[in-house]
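Participant: Here it is: the structure, laid out below.
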């Protein structure tokens, strides 16, 4: 079994992206699944293209994407991706689409196909705060989640896919008073727990 895990490069003036720091620290084999890791650019469309290329290359059983949600205090497992880009800030090459469909011929939205409630419950058993989120936003995180699910759906692929948002790392909030953060160790444990659930359910 293969699980493709994606993370983003830094964006929005940050020097690091916790999703990539987590990705680098994941084990290479979890619950008997080979973990294939890829960093993707925080760029509309290009991020999706990079992941689709990797899907074609490695033919994974599941794809789990991780992204930063600065301001959230817990691990948030996304329920749904919507067919819209509405960027509050530019992406990493200056694109800032407003009220733009991701795929004019695509479905209005797609639900995650990973077991979101079980993932949340298992993460909480590790004494790490977690919840289901009903919005992945309208920036590149939602864009990537939608793009992957859209590709899987249109091509009739038997690949589970979903997205998990994680908080800032403590080092990112040194000058952001009252902004929540989470330790790298807890975030790695949370994502590895999510992967264990996905691996069990994908067999």
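Placement of Cβ uses the backbone N, Cα and C atoms for every residue, glycine included.
Not measured: the values here are computed from a predicted model.
Sharing the features that Swiss-Prot gives for it:
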type	residues	note
ACT_SITE	78	active site
ACT_SITE	141	active site
ACT_SITE	165	active site
Participant: At the Cα level, what's the spacing in Å between residue 141 (active site) and residue 78 (active site), rounded?
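Facilitator: Counting only the Cα atoms, the answer is 10 Å.
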Participant: Under DSSP, is residue 141 (active site) part of a helix or a strand, or is it coil?
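Facilitator: It is helical.
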Participant: Roughly how many angstrom lie between the C-alpha atoms of residue 78 (active site) and residue 165 (active site)?
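Facilitator: Here the two Cα atoms are 7 Å apart.
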